[in-house]
Amino acid sequence: MEDLDQGPVRSQWGKQIEFVLTMIGYAVGLGNVWRFPYLCFKNGGGAFLIPYTLSLIFLGIPLFALECAFGQYGGKGPLSIWSINPTFKGLGVSMVVASVFVFIYYDVIIAWGLRFLVASFTSDLPWIKCHDCSCLLYDAKNLTEEIVEGLKYNNSIGQNCTDLSLNSTADSPSELYYYKEILHDSGSIEESGDVLWPLLLCNLFAFLVIFLVLLKGIETLGKVVYFTATFPYVLLTILLIRCAMLDGAYDGVLYYLTPKWDRLSDATAWSDAAVQIFFSLSCCMGGLVAMSSYNKFNNNIIRDAFVVPIVNCMTSFYAGFVVFSTLGYMAKIKGVPIEKVTAGGPGLAFIVYPEAIGSMPVSTLWAILFFFMLCILGFSTQFSAAETIMTSIIDEFPKFFNTRKRQTIFRIAVCMMGFILGIPMVTQGGSHLLNLVDEAVLGFPLLLIGLFEYIVIIYLYGFNKFSQDINAMLGRNPFIYFKATWIVISPVLLLAVVVFKAYQMEDFHPGWVGLLYYLIVVFTMMWVPILYFHYSLKHGLWDIMKPKQSWINRRKLSELNKEDKTSEVNDKNTLFINEAPGDKDKLSYVNTAFDDDISKPHDLKDAEMGNGNVTGNGSLAKSADDRKDSANEYSRL
């Protein structure tokens, strides 16, 4: 029988709960805290839950399940798994390239959180008091010309603010702290400015944490996720209880849940829901394939593919109560409508929240808890993204990375690469570059990767064949829901989102910013056509319809695993007793344990009796060489 294309023995999750928690940590990230609540506010409050739920059912869960089942069956990372269709190996390269971009800039966002966390360890939070002329009039009521004139020269900051007027636009102290103290924002991507050393050190520390956690791959990651995937829920609950007791919290929650039905007629609401589901589940960046590849072949991946997306979406919904309780409180103390105090994206986490926390009793404690939670959420996603990159390349070059030393050096190199390439994003104009890269990578590339995945797996390879693969793992075919979504509904939805996003595209200013945007898009996706033509010209176009035989042969792993388990049980329960005169009874168990993916024997230990032969009544004798021959024959299957 042809080789099963297994490669070297791979690590596996110690317990299945480690896989589920890792996937939850990978999917649940910073976007759950600010992006979903903001989109809900923007698109009709409770009415947004309708397109959001429908997008989960018809786009999120199907694509999540497709990638997880693909990774578990193939048993390899996103670069090496393409024996299903070698012509489209470039799709795996595009996934890893997208992960590299995210890996670089996501760590900078964690560095922002770490910078705020360090600044929180003080009795007086630095973003509470005004230290600039532009915030002197913030939150001031009943102002008159005389009062403003007096504030020009007699104010709390001890500066002459000659440009101050009654009609001046006032910035909040937290906003000024974020832009002037944390980012030292130059105001434009065109002006990079100086490197911000505090952020650079925070970025270096974040990469050091990632390296230490992933030093031994999933062996350590599987243990760390017990904390990183669960502790944010504890902090979210604590914050929710505190925020629910604030004056105005009820108004905020009411605003959050009250539907504005007219928003459902706007195509933007439906597009926002689809894009949010797609991105929040971290699809199409190779992480789902990589993490699933460490599963046992017979793991119930379809069950997990329902659990993780639902937990992810419920987390977003749960975080919304914390956000809008806080916004309701802020609207109450300022005497303004709720829509006047909210902001989207990082502004909600690094401007609105710090301001709200600063006005709470024991504000230092709440600030430390909140920014610690943000850092944990960021790390839980970043760990999986980093492991995806490392796993993919290690799987692709198994002979080179055949020692622990080389793998360790490689992991150091990946983290150092991320740190060095992220330096432009910790300059004074770095936040604008970060936003551009984020928009470029999480736009067309991931949408197109998802669309190509459906084309390759469901159409070229075939839904029926992929169903047989799933049947080999689970003992049953995917039910009708997946047949409908994989063949028709999800690909059509993805195509619609791509077209609608292209229709919404606006011009970039200046022009070179647009050029950089499209270069990132092209660099991420160009590997698909390049490797397609390279492989097709070398092996013939007919290969676009043909998987390697080793991919088909993996269906036999289920039966072999059963035989392996039966053999292992029999071996462990076979008792050999040496009854030679003058010797004490000796006990030994024959160990022929194989990895669950049927690669190579882990250990073939000779029974420690006599010359390598175990004798008992003359009928159960078996030499170590015989056992090795038997095991090698078994492995060749």
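If you go along the chain as it appears here, the first residue is 1 and each next one adds 1.
The backbone N, Cα and C atoms fix where each Cβ goes, and this holds for glycine too.
Since the structure is predicted, the reported quantities are computational estimates derived from the model, not experimental observations.
Some features that TrEMBL has for this protein:
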- G25, A27, V28, N32, S280, N312, L377: Na(+) binding site (BINDING)
- 623-637: compositional bias 'Basic and acidic residues' (COMPBIAS)
- C130-C135: disulfide bond (DISULFID)
- 600-637: region 'Disordered' (REGION)
- 19-37: transmembrane segment (TRANSMEM)
- 49-70: transmembrane segment (TRANSMEM)
- 91-114: transmembrane segment (TRANSMEM)
- 195-215: transmembrane segment (TRANSMEM)
- 224-250: transmembrane segment (TRANSMEM)
- 270-294: transmembrane segment (TRANSMEM)
- 306-331: transmembrane segment (TRANSMEM)
- 365-387: transmembrane segment (TRANSMEM)
- 408-428: transmembrane segment (TRANSMEM)
- 440-463: transmembrane segment (TRANSMEM)
- 484-503: transmembrane segment (TRANSMEM)
- 515-535: transmembrane segment (TRANSMEM)
Distance from L377 (Na(+) binding site) back to C130 (disulfide bond), taken between C-alpha atoms, in Å: 30
Segment-segment contact (the transmembrane segment (19-37); the transmembrane segment (306-331)) at 3 or more Cβ pairs under 8 Å: yes
Chain-internal residues near N312 (Na(+) binding site), provided their CB is under 8 angstroms and they sit 6+ positions away: I24, A27, V28, N32, S280, L281
Residue among recorded positions A27, C135, L377 with least C-beta crowding, 10 angstrom cut-off: C135
Number of other Cβ atoms within 10 Å of the Cβ of C130 (disulfide bond) across all protein chains: 21
Region pair the transmembrane segment (270-294) / the transmembrane segment (195-215), three or more CB pairs under 8 Å: no
Check: same-chain CB within 8 A of Na(+) site center, minus G25, A27, V28, N32, S280, N312, L377: I24, Y26, G29, G31, S282, T315, S316, S380, T381
C-beta crowding around N32 (Na(+) binding site), within 10 angstroms: 25
The transmembrane segment (408-428) versus listed stretches 195-215, 440-463, 515-535: most Cβ pairs under 8 Å: 195-215
Spatial neighbours of the transmembrane segment (484-503) far in sequence, C-beta under 8 Å, 6+ residues away: 55, 58-59, 61-63, 66, 267, 271, 274-275, 278, 443-444, 447-448, 450-451, 454-455, 458, 463, 478
Top partner of the transmembrane segment (195-215) among 49-70, 224-250, 306-331, 365-387 - counted as Cβ pairs under 8 Å: 365-387
Selection from 224-250, 365-387, 440-463, the stretch that has most Cβ pairs under 8 A to the transmembrane segment (91-114): 365-387
Cα-to-Cα gap, L377 (Na(+) binding site) vs C135 (disulfide bond), nearest whole Å: 31
C135 (disulfide bond) to G25 (Na(+) binding site) - Cα separation in whole Å: 38
Other C-beta atoms that fall within 10 angstroms of the C-beta of V28 (Na(+) binding site): 28
